Ligand code: NAD
């Protein structure tokens, strides 16, 4: 009998109020009826940390792991060594860095995700976060809720997006959609930094210029948005040194992965005013600890400059339907020996199936 282990976040009362919360342990991506119908043993849990967790216990004889980036079951090399039966790791969403992909390749574990399922959801969140930061929205809204009215206190940190230079680090599905959505704002220039060049017609459509050197790229931008996967070539790519290349008072938005940034360096840049603000929804380890330095960091001039939220951009209710259905399709393909959609594959047969997780000779 096939055993599927699903690591998801708990919905609690919210799952009762909102049945569309498919990515919760309560609704389990719609897996329960599918597994019942097909004689599959299904274990669903949110308990994922430490040697005594349900994750560590059940991974030992699971054939398939399904998890989401929002509450990731971190499939480390050590855990893979205990997972004797594991053949398939499905990401219900986009971004499979919670899996040690090299270790998965060594064991020929297929890693697949629901490519494209939430890229519009994230691109919309990026646009919102850019505007929230540039227009200094958060302190202004706090002022209203607290009964105040002091226009100058918030206008002193409020700018227009128009005529700013905006750059995306990573111009794949999300990065390109961000550029498309920025176009009507009449920015001074749209830039991108990516080892994969955009097709000429796509770059022309949004009016984006490629910058090949990271320092050159960062130093030209008023606003930088991070939209690349987390891998050994991007971990900590935003750090004390690279932050020093950025303009004084620039804004940084990260909805890609928290560990792209050295957390303390970003907090210091915000707290010192080097960055006018930082916002996003991704944290180095999730759930983020209550005392994480990104929770309370603030720009010294405005008291704002912090647009952090829990990992939510890619888990809109619209996205949940897409990644829930996509995860079941990947499981169904695997059970029936059907080929997977090529763009959903991250690793297969012991090799990387995508160029997005770093430039490697072994990439198929
Ligand atoms: P994609 O594969 O379509 O695009 C990724 C791009 O990043 C590619 O063009 C690739 O060449 C580029 N890239 C890789 N390494 C790079 C490097 N060192 N420097 C510059 N560019 C580099 O992926 P996507 O669908 O656009 O998603 C991107 C990432 O966004 C995901 O891997 C995931 O981490 C994150 N994401 C977050 C959420 C969320 O809810 N916050 C949801 C979906 C995806």
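Quick reminder: no glycine exception, Cβ is built from N, Cα and C everywhere.
Just so you know, TrEMBL annotations never went through curation; they're auto-generated.
Annotated in TrEMBL:
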type    : residues                                                             : note
BINDING : 173, 174, 194, 229, 230, 231, 232, 233, 255, 281, 311, 312, 313, 314 : NAD(+) binding site
DOMAIN  : 33-337                                                               : domain 'D-isomer specific 2-hydroxyacid dehydrogenase catalytic'
DOMAIN  : 127-312                                                              : domain 'D-isomer specific 2-hydroxyacid dehydrogenase NAD-binding'
SITE    : 257                                                                  : site 'Important for catalytic activity'
SITE    : 311                                                                  : site 'Important for catalytic activity'
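Known features from TrEMBL, placed on the structure.
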residue: 173; record: NAD(+) binding site; DSSP class: helix
residue: 194; record: NAD(+) binding site; DSSP class: coil
residue: 230; record: NAD(+) binding site; DSSP class: coil
residue: 255; record: NAD(+) binding site; DSSP class: coil
residue: 311; record: NAD(+) binding site; DSSP class: coil
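Taking the C-alpha positions, the distance from residue 173 (NAD(+) binding site) to residue 257 (site 'Important for catalytic activity') comes to 15 Å. With respect to residue 257 (site 'Important for catalytic activity'), the closest of these binding-site residues in Cα terms is 230, chosen from 230, 232, 311. Spanning the residues 173, 174, 194, 229, 230, 231, 232, 233, 255, 281, 311, 312, 313, 314 that the record associates with binding NAD(+), the maximal Cα-Cα distance equals 25 Å.
On the 0 to 100 pLDDT scale, the model's mean across the domain 'D-isomer specific 2-hydroxyacid dehydrogenase catalytic' (33-337) is 98.
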